[in-house]
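Participant: One structure, pasted below without further comment.
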Amino acid sequence: MGLLECCARCLVGAPFASLVATGLCFFGVALFCGCGHEALTGTEKLIETYFSKNYQDYEYLINVIHAFQYVIYGTASFFFLYGALLLAEGFYTTGAVRQIFGDYKTTICGKGLSATVTGGQKGRGSRGQHQAHSLERVCHCLGKWLGHPDKFVGITYALTVVWLLVFACSAVPVYIYFNTWTTCQSIAAPSKTSASIGTLCADARMYGVLPWNAFPGKVCGSNLLSICKTAEFQMTFHLFIAAFVGAAATLVSLLTFMIAATYNFAVLKLMGRGTKF
């Protein structure tokens with residue numbers, strides 16, 4: 001069998017929904033974590049430069065920002081591993097479903113992979129046998145997990161609910177920066193507002209970013225307009241928007257994973273195959 005025909009047969013069993021969801025998940029998490037990390041750093045600089053001169057006023061905020069940045073590191077690592085595991089689950093269950101409907105058969109490629117993992121002990125040294133045995137044990141343990149799609153449905157459902165909260169929280173800084181930017185637009189065009197320019201302010205204390213006793217805590221008028229014109233403010237604003245888009249993409253990917261896993265599990269259950277196959 002030629003390489004082209006082998007690849008064509010392998011593509012027949014490819015879970016395209018899981019492939020798209022995996023790519024979207026990696027893209028969304030990378031965008032959310034990377035842009036979110038830099039946006040938090042930019043926010044820290046803006047606060048300590050323009051909104052408060054006393055370190056004690058924003059010390060708690062800095063600790064929270066650093067904690068969120070460490071959480072971002074863990075989130076990126078977790079989603080990379082879990083996304084790869086969900087993709088493997090997609091291949092596993094999609095192959096089982098297509099075997100039920102007669103649309104998928106084990107190819108020579110699959111047999112070759114199986115032989116590579118479990119067979120071919122002759123002619124190997126003790127080191128080669130040990131490596132093959134270790135790989136076989138890993139694949140056996142992974143197969144036990146992949147043989148229970150109901151677990152992945154439950155875990156992915158819980159993860160989707162948690163990420164829905166993350167998605168909602170990622171909209172908060174976008175809302176704050178958008179309000180600040182809108183105020184700056186009103187200051188830049190005083191003819192479009194009846195309020196005095198000096199009364200148009202951005203108050204970090206109002207959003208709980210700083211305590212109420214922080215000084216000055218707010219910036220008004222032309223000073224606020226000059227802040228909005230800085231590259232640092234504009235970059236931070238756009239980074240938060242990008243992080244929000246990344247959170248949305250990750251949420252869509254989790255929903256796609258959950259729908260695909262639920263469908264495969266339902267088909268296997270209804271066709272009398274149970275959860276072990």
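We number each residue from 1, going along the chain as drawn.
Placed from the backbone N, Cα and C atoms, the Cβ positions cover glycine too.
According to Swiss-Prot:
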type     : residues      : note
TOPO_DOM : 2-10          : topological domain 'Cytoplasmic'
TRANSMEM : 11-36         : transmembrane segment
TOPO_DOM : 37-59         : topological domain 'Extracellular'
TRANSMEM : 60-88         : transmembrane segment
TOPO_DOM : 89-151        : topological domain 'Cytoplasmic'
MOD_RES  : SER114        : phosphoserine
MOD_RES  : THR116        : phosphothreonine
MOD_RES  : THR118        : phosphothreonine
TRANSMEM : 152-178       : transmembrane segment
TOPO_DOM : 179-238       : topological domain 'Extracellular'
DISULFID : CYS184-CYS228 : disulfide bond
DISULFID : CYS201-CYS220 : disulfide bond
TRANSMEM : 239-268       : transmembrane segment
TOPO_DOM : 269-277       : topological domain 'Cytoplasmic'
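Mind mapping these onto the model and telling me what they sit next to?
Facilitator: Residues of the same chain lying 6 or more positions beyond the ends of the topological domain 'Extracellular' (37-59) and with a Cβ under 8 Å from any Cβ of it are 65, 68-69, 72, 173, 204, 209-211, 213-219, 223, 227, 232-233, 235-236, 239-240, 243.
Helix, strand and coil content of the topological domain 'Extracellular' (179-238), in residues and according to DSSP, is 36 helix, 7 strand, 17 coil.
All chains included, 20 other C-beta atoms sit within 10 angstroms of the C-beta of CYS228 (disulfide bond).
Contacts of CYS201 (disulfide bond) defined by a Cβ separation under 8 A and a same-chain sequence distance of 6+ are given as THR183, LYS218, VAL219, CYS220, GLY221, LEU224, in order along the sequence.
Under 8 Å from some Cβ of the transmembrane segment (239-268) lie the Cβ atoms of residues 15, 17-18, 20-22, 24-25, 27-33, 35-36, 38-39, 42, 79, 83, 86, 89-90, 93-94, 96-97, 100, 149-150, 152-153, 156-157, 159-160, 163-164, 166-167, 170-171, 173-174, 177, 274-275, 277, all in the same chain and six or more residues away from its ends.
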Participant: Short question: which residues 6 or more past the ends of the transmembrane segment (152-178) have a Cβ under 8 Å from it?
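Facilitator: Distant Cβ neighbours of the transmembrane segment (152-178) are 32, 36, 39, 43, 82, 86, 89, 207, 209, 236-237, 240-241, 243-244, 247-248, 250-251, 254-255, 257-258, 261-262, 265.
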Participant: Could you give me three numbers for the topological domain 'Extracellular' (37-59), the DSSP helix, strand and coil residue counts?
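Facilitator: When I sort the residues of the topological domain 'Extracellular' (37-59) into the three classes, I find 20 helix, 1 strand, 2 coil.
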Participant: Who sits close to CYS184 (disulfide bond): which same-chain residues at least 6 apart have their Cβ under 8 Å from its Cβ?
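Facilitator: In sequence order, the residues whose Cβ lies under 8 Å from that of CYS184 (disulfide bond) (at least 6 apart) are LEU224, LEU225, ILE227, CYS228, LYS229.
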